[in-house]
Amino acid sequence: MMKFRFRRQGNDPQRERIKQDLFAFNKTVQHGFPNQPSALAYDPKLRLMAIGTKSGAVKVYGAPGVEFTSHHKETATVTQMHFLLGQGRLLSLLDDNTLHLWEINVGEGSPGLEEVGSFCLPGRPGFESTSATRVTVILLKRSCDLLCLGTEGGGVHFLEMPTLTLLDTQALVHDHIMQRSVVPEEYKCGKSLGPVESLREHPRCPNKMLIGYSRGLVVLWNYSSRKVENLFLGNQQLESLGWERSGKTFVSSHSDGSYMTWPVSSALSTQQPSTSVIPYGPFPCKAINKIVWRTTESGAPLVVFSGGMPRASYGDRHCVTVLQEKMQVTLDFTSRVIDFFTIHCTDKFDNPSALVVLLEEELVAIDLQTVGWPTIPCPYLAPLHSSAITCSYHISNVPPKLWERVVAAGLHQSPPPTHVVGMAMGWPINGGKDLALEPKHNGLLLTGHEDGTVRFWDASGVSLKPLYKLSTANIFQTDCDHNDGLMQGAEEEWPPFRKVGCFDPYSDDPRLGIQKIGLCKYSGKLVVAGTAGQVLVMDLSEEMSAHVINIATIDLLQDREGFTWKGHDRLAPKTGPISFPPGFHPFLLVQCMPPAAVTAVTLHAEWNLVAFGTSHGFGLFDYHRRSPVLARCTLHPNDSLAMEGPLSRVKSLKKSLRQSFRRIRKSRVSGKKRVVVSSPTSKVQEANAQLAEQAGPHDVEVTPVQRRIEPRSADDSLSGVVRCLCFADTFLRDGTHHGPTMWAGTNSGSVYAYALEVPSQEKFSEHSVEAVLGKEIQLMHRAPVVAIAVLDGRGNPLPEPYEVSRDLAKAPDMQGSHSVLIASEEQFKVFTLPKVSAKTKFKLTAHEGCRVRKVALASFTSVSSEEYCENGLVCLTNLGDIHVFSVPALRPQVRYDCIRKEDISGIASCVFTKTGQGFYLISPSEFERFSLSARVVTQPLCSVDVDRPHASEIQAGLSSPALDSPNSSADITLDTTGDITVEDVKDFLTVSPAQGLQTNACALPGGQLIHSSSSL
């Protein structure tokens, strides 16, 4: 038999132009808290803050909406960061001992944060080992023209800024210190003084600086005369140094939990500390890692330090202590302290106004001007993972009424702190200007968490702002109240702990975890479903209330024999009235039995119905009459795993291994040629498959060669899991009468369609809702059904509840024939209604070799004309790429690579919006936001005024060689594809020493405008 293969028709140029106006892929902004932060810097002139991470990311923040992000070429930890004050430049040190200079780009092209130079401190062959030149501390002079590098070998090296030119003749080694002063033997480490732990510039004399060595020796060095002016002998290992503003005193912190104050005299002498204090002594304490001394107009200095806790009793606490006269507060955090800084004046006194602490899992700001030192709410960098995120839900075009009520509930829940004069202190890091226009529509992002909370976020702009937090734990009987009482009792003891921050990774009960969320934005009805089969229906209220929650139980097994639930128990609800603050109040609890995790949920507020599904079946509940409507079991006789639950400990390892070997055996058998045909049904399936693969000459457009997809077995475990649910007003019984319907799709490729008898609004209390099974569809390959959507006569998605009745959307076309779009993991298929005959389909797995993970319908508006828009089916696959198809024709439009295929959690967390945007987790604490629409793009648009007096110098420095060292790593690359031999090493060590600075442009997504006052 001859096979004909035809070429595809050429692309229509006009259609290609339309697609360019509709679709464009951009990763626009990252929401949340940086993953694994490792360094912190602050520019008091520009009021900008920078955070570096262990993966090499560099993030700069100012006022809300002012953000710059870039990344080092090397995936290395950022250990230190320093701003060149007022210049919009940033210096970073990596753990591979390289220095990198960044600047906010003010040139033409795509503005952003880009790397303009790098440097590696050269070694001294024969004198110092590689570790001896490892940089331990950095001091950038206030004039920003000189950089001092303290090393592990005890030397101090100097670089000219901003060209990063090494001043080799100015290097200060330990010999200079020991020759120009009398250093006791106990402070010497062999022939050196040990690593340099701290460098601090004199606040009054720029040519002087403190050099602190690890063994406790501190030297006041005059850079101009190259002499030692004072010697300070500490008796404990040194951790950090800090000047008092006048320069007459400095403070040092040590490894034994003590800090000392030292007077500085003008005469050359050996000094002793004036005071030595162990704040949490007398028992052994941990090291005070960092200490700052700030003067105040009231006379009493403000001392802030991290660490220093009693080693035996509180050695595992992460604390920052604030001291002023008799007032002492121990800020107790739930994650490790990375660094901190104070925001203070530059006048006669420091008068600190705020303390900003960077922790491993969150950022906390403390108001130091208000009595009690309360926290300042952060407008960005919110720790999304304060409890692990378990699900996400996005609402586009939120009505103003609902928005205002949610915001009001959040303000009542967390009122802003007020200053002593009655004014609330604003966010102190407010540099730059946000030039983005106010969003036309508000967007809400809801995140469900492991501790049973639902958090509401303002996702309208660049900054993801927390609005409101809903907790469901107080509805059930848990141990949280008892634990809180124990903690309160402990807080009254010494030290004076104060719990600060909201990061709390521990959950009282894993059954509280939120699995699914649904919200009607017009009625304010909210449905929240959890891990233990609990389904809560809530209403938004502006008043406090105390009421009893109605409880109903639905048995999804329907007395099915042979199944015994081996998983966790249900959550026991509290009895009696429960008080709720303004916000969402639960009025109904529907408990699914067995108490398995809820896998799907949907709400129709106009019909007063909520539908939910688990691994055992699905149910329908009338929350107005508080009565069940329907319960359907979807279990297959071999669904034994569905009875064990996700939290069960009785899963059989033998069973898992047995199933794995069965799958391997099946795949091997399916690859061989079958001789014996088991049944006539399989003959029909093989014949259909052969006909599908043999495309004849009558096809206008021949599809690519399709992969053969083996049908899934009907007895696969967990085949009864309900994957999706939806409500629709459509034609199910016949083509002339439309009415309410409910659709459910399962893991085994089954689709159930029910016709609903819903009474009118006036008769809700008199008549109950009835459900009758109308259609039952079984997909041939039994692929899991991911989504179901009903389309009207024009092929448009049906409007949401209340949209038509309140004139908020056009009425759907009820004249033409409706159709239902069923998306499975392997293909998309459109069936006509009510006959349920196949209309169009697209076999994604057969064509692309991937499986569907997330699906959504989105509206794409043209850039050229706001009047023109198209509906598209957006699909995310297991390979991390995104496809957009036309609806209802299912023609492929565009394809983009979005998420790495290895990033399974990122793919599983992805959520699409109805305007063509999306979010996915790039870490437990960060959402990456992307856009598929050419018109709807949310990205930073901001300006920063910078002053760069050395703009011409850095350009000259970049064009001339600056790294004069045989050990420089600037332009040397080792081939690591093969084995490294001795000859390779010799060749590497004999490379020409002429090396230049690397320039590396790493710009952000477009959209930032940077204004500069320099003459570039």
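Note: Cβ is positioned from N, Cα and C throughout, glycine not excepted.
Copied over from TrEMBL, here are the features:
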- 277-374: domain 'Lethal giant larvae homologue 2' (DOMAIN)
- 737-933: domain 'Lethal giant larvae (Lgl)-like C-terminal' (DOMAIN)
- 444-458: repeat 'WD' (REPEAT)
Query = Taking residues 6+ outside the repeat 'WD' (444-458), which of them lie with a CB under 8 Å of any CB in it?
reply = 31, 382, 384, 386-395, 398, 403, 406, 410, 464-473, 476, 504, 506-510, 512-517, 519, 521, 528, 530, 911, 919, 927
Remark   = Looking only at the repeat 'WD' (444-458), mean pLDDT returns 96
Message = Could you give me three numbers for the domain 'Lethal giant larvae homologue 2' (277-374), the DSSP helix, strand and coil residue counts?
response = 4 helix, 48 strand, 46 coil
Note = Helix, strand and coil residue totals from DSSP for the repeat 'WD' (444-458) stand at 0 helix, 12 strand, 3 coil
